[in-house]
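For reference, the structure discussed in these notes is given below.
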Amino acid sequence: WEFNGSFYQPSAFLMMGIPGLEALHPWISIPFCALYLTALLGNCVILFIIKKTQSLHEPMYYFLSMLAVTDLGLALCTLPTTLGLFWFNVRRIGFDACLTQMYFIHILSFIESSVLLAMAFDRFIAISHPLRHPSILTKTTVLKIGLAIVLRGMVSLLPIPFLLKRLTYCGKTELSHSFCFHPDIMNLACADIKVNVFYGMIILLSTVGMDFIFIVLSYILIIRTVVSLATKEECLKALNTCVSHICAVLVFFIPMIGLSMIHRFGKNVPPLVNTLVAYTYLIIPPALNPVIYSIKSTHIREALLRALRRKSG
């Protein structure tokens, strides 16, 4: 298209797979299928186990259920376009469909960040004030926290699609990934995007950035509490309840921060690195989280084994 100075929006964008490896997309889809299958089955199993096991009806596992639902949503958001591109080379995605996918990807990412913060708060209360833990985090309180998390993500990101729709696009319509991402779409515009950049940065820092800071502060307080415990066994037992959560935090935040930095400052980063970080950010956490919690959480593992024994019996 030639740009003549008038307002223009493309009818669709073109998605990219893994640059330089287009011929291998059918083979590359195999590990992606395995990751998506692990994410879908693993998180469904976690939800089923928590629902059916009465002893798991406590705050820690309610928050884990929220994490599992969020991970299911993230996997389902990117699965159709990613596998559609790898299997059938379907690169085209409508403009409005792209904005919708982008909105839900970002909402679910922000919700996951907030749920991880809520889980850190739960661990802090459980270790620092074990006797008051049930009275502080009641079912009603957990439900209110969940609703607040969802509303926070929806409201804070609501302006983003409208800020993108007001922009003029010209010529280039090729995205960097097999899904829609706000900085990626924004950089295709040939208009002033300062408002988009400023709003995106402010929202990212005030939500995910603050969540990460408060998670770190929670663990500083947890470590102070654990150090004051009488015996080494008590210290290790208290810290062991946090291992799964720490792994989930690292798996989520490291690639997310990396991807945000690449899109905003990494103009000279090779496209392959950008693509791999993006897939790590959106596909690895939903697949790994249920595996991490199934391995490290004794209660989840025992409940899962009991369910398997009942079925085999």
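Quick reminder: no glycine exception, Cβ is built from N, Cα and C everywhere.
Straight from TrEMBL, the features:
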type	residues	note
TRANSMEM	24-50	transmembrane segment
DOMAIN	42-293	domain 'G-protein coupled receptors family 1 profile'
TRANSMEM	62-88	transmembrane segment
TRANSMEM	100-121	transmembrane segment
TRANSMEM	142-164	transmembrane segment
TRANSMEM	197-222	transmembrane segment
TRANSMEM	243-264	transmembrane segment
TRANSMEM	276-295	transmembrane segment
Are there at least 3 C-beta pairs under 8 angstroms linking the transmembrane segment (100-121) and the transmembrane segment (197-222), leaving out pairs fewer than 6 apart in sequence?
yes
Recorded stretches the transmembrane segment (142-164) and the transmembrane segment (24-50) touching, at least 3 CB pairs under 8 Å:
no
Could you give the residue numbers and ranges of same-chain residues that sit at least 6 residues beyond the transmembrane segment (24-50) on either side and whose C-beta is under 8 angstroms from one of its C-beta atoms?
17-18, 56-57, 61-62, 64-65, 68-69, 71-72, 74-76, 79, 82-83, 85-87, 89, 279, 283-284, 286-287, 289-291, 293-294, 300, 303-304, 307
In the predicted model, what is the mean pLDDT computed over the domain 'G-protein coupled receptors family 1 profile' (42-293)?
91
Remote residues contacting the transmembrane segment (243-264) - C-beta distance under 8 A, at least 6 residues beyond either end:
67, 109, 112-113, 116, 119-120, 123, 181, 183-184, 187, 197, 201, 204, 208, 212, 215, 219, 273-274, 277-278, 280-281, 284-285, 288-289, 292-293, 296-297
So which residues does the transmembrane segment (62-88) touch in its own chain, when a touch means Cβ under 8 Å and the partner is 6 or more beyond its ends?
15, 17, 25-26, 28-29, 32-33, 36, 39-40, 43-44, 46-47, 50-51, 101, 104-105, 108-109, 111-112, 115-116, 118-119, 122, 139, 142, 146, 149, 178-179, 248, 282-283, 285-287, 289-290, 293
